[in-house]
Amino acid sequence: MSLLQRSMVLVAAVFCLSAIYVSAEAEVDANCLGCMCEAATRCNASTACHNSGGGYFCGPFHISWAYWADAGKPVLLHDDPNRLGAFEDCAKDLYCSATVVRQYMKKFAKKAEKGDCNGDGKIDCIDFAYMHRLGGYSCKDASFTKTAFFESFMTCWKVVQEAMPKTTTSSSNSSSIS
């Protein structure tokens, strides 16, 4: 698939995520979610649960049980977070796993010292990518920018930013740290 075709598919996936889940109270916008999903698994909604790199990960966002627990254990409608398999069912569902990511980011982006992972003075989508992959407890690692996840994320994020109206490109999804 050519770069142009991949970019078009990527933008379409981002817009699909926008249509699937929009929340006024969420701090992570759908474009950011789409790029994290793309970087994690190419946003493959059929990604099964598996052991990888010393952990157990599930779904299109490649979520671990600990990540899910830190996010407050969201579940599918009428499910019980204590039910065996509730984590896996949520993590494999695009809507529920997006909720997990949003709640996780909301928890860790509250404090500047934790949320500004790249040290640029603001908490934005790039910091959310750091938190998503490195964890909210220790997201400050400069070597992260050399990973395949980050490179894939940034390729997506640049495509999204170029597709955005010029007036909102620089202010998309960020808060300054004072």
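A Cβ is built for glycine as well, from the same backbone N, Cα and C atoms used for every other residue.
A disulfide bond in TrEMBL ties CYS32 to one cysteine from CYS117, CYS125, CYS139, and that cysteine is CYS125. Cross-referencing CYS90, CYS139 with TrEMBL gives CYS139 as the cysteine bonded to CYS117, criterion being a recorded disulfide. Relative to CYS58 (disulfide bond), the disulfide-bonded residues CYS37, CYS96, CYS117, CYS125, CYS139 all have Cα atoms farther than 10 Å away. Here CYS90 (disulfide bond) comes close to GLY59, TRP68, PRO74, VAL75, LEU76, ASP79, CYS96, SER97, THR99, VAL100: these same-chain residues lie at least six apart in sequence, with C-beta atoms under 8 angstroms from its C-beta. Comparing CYS117 (disulfide bond) with CYS125 (disulfide bond), their Cα atoms are 10 Å apart once rounded.
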